[in-house]
Structures are given as C-alpha cells and as structure tokens.
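Record features, source TrEMBL:
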- A:171-188: compositional bias 'Low complexity' (COMPBIAS)
- A:217-229: compositional bias 'Basic and acidic residues' (COMPBIAS)
- A:8-66: domain 'RNA polymerase III subunit RPC82-related helix-turn-helix' (DOMAIN)
- A:150-348: domain 'RNA polymerase III Rpc82 C -terminal' (DOMAIN)
- A:353-429: domain 'DNA-directed RNA polymerase III subunit RPC3 winged-helix' (DOMAIN)
- A:171-193: region 'Disordered' (REGION)
- A:207-229: region 'Disordered' (REGION)
Amino acid sequence: MTAQEVRLCGLLLREHFGEVVEKVGTHLLRSGAQNLRTIIHETGISLDLVKKSLCVLVQHGACVFSSGRKGPGSPTEYQASSDRILRILRYPRYIYTAKTLYGDTGEIIIEELLQRGHMTMSSNVKTVADRLTQNMEEGRSMDYSEVSSAFSNLVETHFLQRCPPLAGLGTTDASTPATPATPANPTTPSFPDCYKVPHMTLIGRGKRQLSSEDGEEQRNAKKAKLDSDTHGDEGIYWQVNFERFHLHFRDQAIISAVANKLDQTSSEIVRTMLRMSEVTTSPTATCTKPLSANEIFRSLPSSYNIPRPILDQYLTLLVDDPMEFVGKAGESGGGMYVVNLHRALANLARATLESVVQERFGSRSARIFRLLLRKRHLEQKQVEDFAMIPAKEAKDMLYTLLSQNLVQLQEIPKTPDYAPSRTFYLYTVNQLPTARMLLQNCYKTVANLIERRLYETKESKRLLEKSQRIEAILASLQASGAEPEQLTEVEEMITAPEKQQLEALRLHINKLDSAENQVDETIFLLESYVNSTATPAS
Amino acid sequence: MAGRGRGRRTMSFSIDAVGINRGDSLPPSMQQPTPLFPVMEQKPLPLAGGEEAEYLLALKQEFRGAMRSLPCFIQPTAAHRGQSHFHLNCVLCQTLEKKEEQESSEEEEGEEKKKQEEEEAEGEEEYDEEEFEEETDYIMSYFDNGEDFGGDSDDNMDEAIY
C-alpha cells in the first residue's frame with residue numbers, strides 16, 4: 001500500500017465512519033497484521049473504541065481477522081486492505097447501475113447493503129420495503145415478495161453474494177460467486193462450506209403481505225429496534241459482489257468505446273457477443289469463448305434487423321480495427337469470433353494515458369507520446385523526423401515528458417565505458433509502469449479533492465450551522481402552522497450576501513464531489529488494466 | 001569536494017553542454033519560494049455534466065449524509081458506558097455488545113476507584129511543584145536582571161552618576 005493509497009483510505013474512512021475508525025484503519029494499513037493489544041498500545045485509543053472500530057471495519061469487509069502467526073492459542077490478528085476501502089469511491093456508480101438494471105427496488109437494495117456492509121436477506125427486504133413504502137402514496141405499500149424477487153434476481157446474476165461464515169477464524173474469500181437459488185424452504189443456518197459451494201438456497205420466509213396498516217405503522221416507527229422474528233436465515237449474511245459490477249463496467253466501457261470509434265450497430269454486435277458470453281467467461285479470462293457468426297446472428301436483438309452478409313461485413317470491420325476489440329478465432333460456423341478482453345482493457349488504458357498527455361502538454365507532445373508507444377524505441381533524431389516537429393521544440397517536449405517520468409531513456413552502449421559520444425540514447429514508453437504511476441496520481445488527486453472539500457466546509461462552518469438552524473426553525477414553524485409574515489421574518493435572518501456565500505459554497509462542493517466521481521472512472525480503467533496484467537494466464 | 005585539479009578551475013559538467021555561453025548572464029536568482037500552485041500551460045477540461053453525473057452526485061452526497069446517522073459512524077464521545085445506541089446486526093458485534101455490558105458494570109466500579117487515586121496523585125503533584133518553586137539554595141535577588149537599577153533617583157540630575 002502506497003502512501004497515497006493510505007492517505008485516501010484515511011479520508012474515506014473519516015467521511016463515512018468517523019475519525020476513530022480512520023485512526024484505527026490507517027494504523028492497520030500502515031503496520032500490517034496486528035493483534036488487539038498492539039493496536040490499543042500503538043494508537044493510544046481506548047479498548048472500547050478500538051473494538052467498535054474493528055467491528056465496523058470487519059462488517060464492511062475492510063478488515064479480516066485470522067489466528068495469530070505464532071500458532072494456535074496466540075491472539076487473533078487483524079489486517080486491513082486498502083482495495084476494499086477504495087471501493088467506497090465507486091458506491092454511487094454501483095447504486096446507479098442497480099437502478100438501471102433492476103429499477104428502484106434494486107437501487108435501494110444495493111444502497112442499504114452498501115450502507116450496512118453485511119445484512120441478512122430478511123432484514124434487507126424489510127428495510128427496503130419500508131423505505132419504498134415511505135415514498136409511495138398514502139395507503140399504498142410495498143410487498144415483501146416483490147423486494148424478495150428483486151433480491152433473488154440480483155443474487156442470480158451474481159451481483160450479490162453470501163458472506164463466508166464467521167465460524168472459526170476464516171479469511172474472507174470475496175471472489176466466490178453465488179449461483180441461482182431455488183426459492184425453497186428455509187435452510188438450517190449451519191451450512192458448512194457455503195462459501196465454497198456455489199449452491200445457495202434462497203430463504204423463503206413465508207410471504208408476508210405488507211398491508212396498508214402495517215405500512216403506516218412502519219412509517220411511524222422509523223426508529224424501531226429490529227424485531228426479533230426469525231425468518232430462517234439467521235447467520236446467512238449477504239454482501240455486494242463488487243467484482244461482478246466491475247465486469248459489468250468493463251463491458252460497458254468496451255461497448256461505448258466501440259460505439260464512439262465505429263458506430264451504433266457495431267456496438268450492438270459487441271454487446272450481443274458480451275451478453276452471450278456472460279456466463280461462460282471467467283472473470284479473469286483473456287478473451288471470451290469463441291462464438292460463431294451464426295450464433296451471433298440469431299442472438300441479435302430483434303430491433304436490429306440487419307441481413308446476414310451485412311453482419312459479416314461488420315464483424316470483418318471489427319476484426320480489422322486497430323483497437324483489436326474483436327478477434328477471429330477460426331472459420332467454422334461462418335467464422336468464430338472472440339472479444340479480446342485484456343487487449344481491450346490495455347487499449348483503453350493506453351487511450352487514457354494519451355489523453356492525459358494531450359491535456360497536460362498539448363497535442364504535439366501527445367503526438368510524440370503516441371509515436372513512442374507505437375514504435376517502442378526511438379532516437380531523438382528519429383522522433384523529430386517521425387513526429388514532423390522542429391528539432392528544438394521536439395527536444396524541449398521530450399525533456400518535459402522525461403522530467404515528468406512519462407517517457408524513459410534507455411542507454412545502449414557501443415563501448416564498455418558508456419562514453420556519451422559512443423552510446424545510443426533511445427526514448428521509450430513503458431505502458432504498465434506509466435499506468436501505475438498515473439493511477440497513484442489519481443489517488444492523490446482524489447485525496448486532494450476530498451481535503452479541499454473538507455477545508456471549504458470547515459471555513460464556512462459557522463454559516464452552514466446558522467442556515468441549518470434557520471431551516472429547522474422554519475420547518476417547525478410551518479408544521480405548527482405559522483403566518484407567512486413570521487416565516488419571512490425568519491428567512492430574513494440570513495442576509496443576502498450570506499445567501500450568496502452559501503450558494504457559492506454549494507456550487508464548489510458539488511464541483512469537487514463531481515470531480516471525485518469522474519476521477520474514479522479513470523481509476524477504474526487503470527486499475528482494471530493493471531489487474532489484468534497481474535493475473536497469470538490459467 | 002572542491003575541485004580535485006590543483007589550482008585548476010574544473011567543474012563536473014562541461015559548460016557548453018548545459019547551455020551557458022560566454023557573456024550570458026546567469027538567470028535571475030530566486031528571491032521567494034516557488035509558487036504554491038505551479039502554472040499550467042493548458043487549462044483543464046470542464047467537468048462532464050449531464051443527468052447521469054448529477055444523479056451520481058446526488059447519490060454520493062445522500063450516501064455520505066446517511067452514513068453519518070448510522071451506528072457505524074463512531075464519535076469519540078460514544079464511549080460513554082451504557083449510552084451508545086450501537087446496534088449492529090452482526091453476530092460478531094452482538095456478542096461483543098453482551099461482553100461490553102458485562103464489562104461496563106465492572107468498569108464503573110473500576111473508574112470510581114481510579115478517580116479517587118487520580119485526585120490524590122494530583123494533590124501530591126501540586127504540592128511538589130510548590131516545593132520546588134520556593135525552596136532554592138540561591139537568594140531570589142540573585143536572579144535579578146538589573147532592570148530596577150538606576151530608576152530610583154530622578155530628582156538630582158546635576159550630580160554625575162558614577
């Protein structure tokens with residue numbers, strides 16, 4: 001974990017869980033696995049608070065516990081991981097995706113699960129139904145079964161998965177997908193290897209119809225404690241399967257890249273191919289299983305009524321395109337085609353790097369950068385010739401890129417004494433290390449954005465508190481039925497310049513938040529690329 | 001480190017390669033720290049707007065606000081025994097809560113004892129401080145710095161002061 005990652009994780013923990021959890025979390029990130037006593041001793045926080053913080057971290061998957069390294073009987077050790085904490089940046093995207101795929105119900109299910117970390121299905125369904133009921137008109141309410149079916153849809157498509165059982169000291173194994181369930185009888189909670197075995201039964205707790213009376217009660221008793229009815233699924237906790245969402249994002253990125261580069265029809269063809277390969281492709285596969293042109297033709301959506309020869313032409317175009325999204329794997333069945341997933345990710349990352357260079361240094365520097373990416377190693381003279389840029393400016397640009405570490409210099413000596421006059425100096429770009437460096441820059445950027453937002457909020461704290469108080473007064477006055485004069489009197493307690501200041505503050509904070517979301521998109525692309533190169537080919 | 005050649009004025013880099021020619025003046029010396037934000041040659045692109053971006057923004061801000069009101073958000077003052085509304089629906093945490101309640105009753109007794117001890121210790125400390133301040137081996141006027149000297153007689157300025 002780099003310093004930038006730890007800093008960003010600390011800020012995210014602070015914003016979502018408070019400063020105590022931030023201290024404990026960053027300490028664990030920096031020091032590796034530690035037991036409880038050591039944590040208390042080194043952070044200086046009380047036992048009570050450390051325990052609670054560790055609870056929160058474990059519940060949200062940011063920390064795992066395992067038996068001590070000194071063998072059985074040694075105290076439990078806790079270890080935090082930064083990847084899981086960095087996911088917090090992407091939560092809005094997960095929630096939005098669930099909305100597009102499964103509607104409002106799916107959206108609220110994912111949102112509740114992300115807020116709580118782990119939840120049983122029954123408590124999730126209840127909470128979601130309550131929330132949805134509150135937004136409905138008077139007298140209408142949300143049926144539990146509707147929420148349950150949305151939940152099971154999410155599980156079927158692997159967007160949700162079970163948490164590994166807490167019995168013993170098991171390490172979390174978050175990469176196990178959970179396959180579809182048969183709506184069935186409640187199972188016994190003590191299901192041994194449930195995180196290894198893909199089968200998992202959906203807990204059908206008797207179809208409780210949420211009548212309108214119950215709906216109103218639920219609405220009033222918003223802060224009621226969790227009722228102690230058992231629904232047969234105690235001990236079976238669910239969590240969001242981030243990897244599945246990431247696969248979805250990756251597919252979306254590929255499809256939109258094809259749409260931007262070629263046209264809508266090509267992107268629909270690629271979308272069809274990806275959809276057909278969803279269940280047959282493993283998450284770390286280099287490319288999808290080969291699909292024949294006949295199969296693709298049959299599976300195209302009916303709205304795209306293109307004749308068969310045109311489809312073949314489109315496929316040939318896709319194969320010939322330099323972005324190499326689609327490859328040809330054989331001739332049988334009218335031509336076997338695959339989507340090159342890893343190469344697509346590499347090309348998307350490369351496009352990101354080129355775009356970064358272009359926006360920071362101008363289009364001519366970007367031309368040099370692209371040239372070096374294509375030609376690998378070039379001497380200074382060759383760079384000037386190929387890029388068609390005057391020597392003096394080319395030298396300047398190269399040196400700027402070199403000082404920013406986007407371009408590297410490779411020395412090839414002709415003689416063993418490395419004399420400068422007898423050595424080749426070749427410029428080169430290494431895509432993977434450069435992508436890693438930019439990824440760290442992205443983490444630093446987001447951390448800076450968050451800090452700036454916190455600073456802005458702190459600067460205007462007094463004003464914000466005043467406006468909140470006045471809003472509260474207004475709300476209570478309105479509820480108790482006050483006259484409009486009283487209301488305007490209270491509203492005028494905020495002066496016009498203060499209102500302007502508040503408006504400007506709101507605008508700044510929205511900009512900073514929006515920027516964080518956008519940088520996270522870049523982070524996703526670069527991370528996917530870096531991770532795709534790391535996995536060994538199976 | 002100052003040149004190895006005896007008396008000869010050589011530098012570790014050749015003067016032409018760096019680009020300084022004869023007769024050129026050195027660049028102006030820096031008289032203040034470098035600017036806080038370096039100058040950008042190109043302006044950055046504007047943020048992507050649109051419905052999706054705004055919806056994501058709203059989701060993000062609502063999520064943050066909602067997290068603050070959940071029990072997962074730990075305030076430093078929440079450690080007061082028996083007052084934390086800390087209900088996590090997590091088996092791990094439920095057993096932890098039970099243990100906490102057991103311990104908190106023990107803690108109460110322990111804390112009272114501690115408070116008594118602390119007061120005694122503080123009393124002793126204060127006593128020690130005063131002791132050290134008053135009992136020195138030197139006369140306090142030893143530590144005078146001479147400010148009071150000569151300010152007494154302002155009447156007869158005719159007399160010379162030796």
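Each residue, glycine too, has its Cβ placed from N, Cα and C.
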Practice problem: Just give the helix, strand and coil counts over the domain 'RNA polymerase III subunit RPC82-related helix-turn-helix' (A:8-66), going by DSSP. | Solution: 44 helix, 6 strand, 9 coil
Exercise. Could you break down the residues of the domain 'DNA-directed RNA polymerase III subunit RPC3 winged-helix' (A:353-429) into DSSP helix, strand and coil, giving a count for each?
Key: 46 helix, 15 strand, 16 coil
Exercise. Let me know the model's mean pLDDT on the domain 'DNA-directed RNA polymerase III subunit RPC3 winged-helix' (A:353-429).
Key: 91
